[in-house]
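Structure, as structure tokens:
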Amino acid sequence: MYTREELMEIVSERVKKCTACPLHLNRTNVVVGEGNLDTRIVFVGEGPGEEEDKTGRPFVGRAGMLLTELLRESGIRREDVYICNVVKCRPPNNRTPTPEEQAACGHFLLAQIEIINPDVIVALGATALSFFVDGKKVSITKVRGNPIDWLGGKKVIPTFHPSYLLRNRSNELRRIVLEDIEKAKSFIKKEG
């Protein structure tokens, strides 16, 4: 019987060897994810940016700093949650990953979620949301904050990606994302 840590290490090693799509050709590092494997809440973004590609860590650039700040404002310590992305290699020029690239990485994300087995997943942005609704085009603006029933009784809470907040600085958008994080917290099952 493997521990969660051992299982996640197996996933990580497989991601490092992956050549299933062209994104592997230009990566500096794969960005598998990081955080608490015993968490009840997982945050999923789109894909690594330049800083993430350099460091091999998710959400460490400007959007990551904002995510950490939003978590703190919600009473969540970053080290208490798990943070990852749909794709594990940086798309060139930080473009949106193609459906083919997302599909090539999808089984890795599914494995991560299966290992952690959270109660709730926060989908950060339209690309992450698309993964949880089988690739359908859904407007994040229309569905954000509304829980989506997903595999194994998990709830997915869509919200805006922190990079969207950086591009559209607004106290109202910030308030909305904080509200969505609070809603996600409400789906965490109490132990015992």
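From the backbone N, Cα and C atoms, a Cβ is placed for every residue, glycine too.
Among the candidates N85, N93, N94, N117, the residue that Swiss-Prot names alongside G45, E46, G47, F59, H161 for the uracil site is N85. The separation of C18 ([4Fe-4S] cluster binding site) from F59 (uracil binding site), Cα to Cα, is 21 Å. Within 8 Å of the centroid defined by the CB atoms of C18, C21, C89, C105, the record's [4Fe-4S] cluster site, lie the Cβ atoms of V15, T19, A20, L23, H24, V30, V87, K88, E101, A104, F108, excluding the listed residues themselves. Around G47 (uracil binding site), the C-beta neighbours below 8 angstroms that are at least 6 residues distant in the chain are V31, N85, V86, V87, K88, C89, R90, P91, P97, E101, T127.
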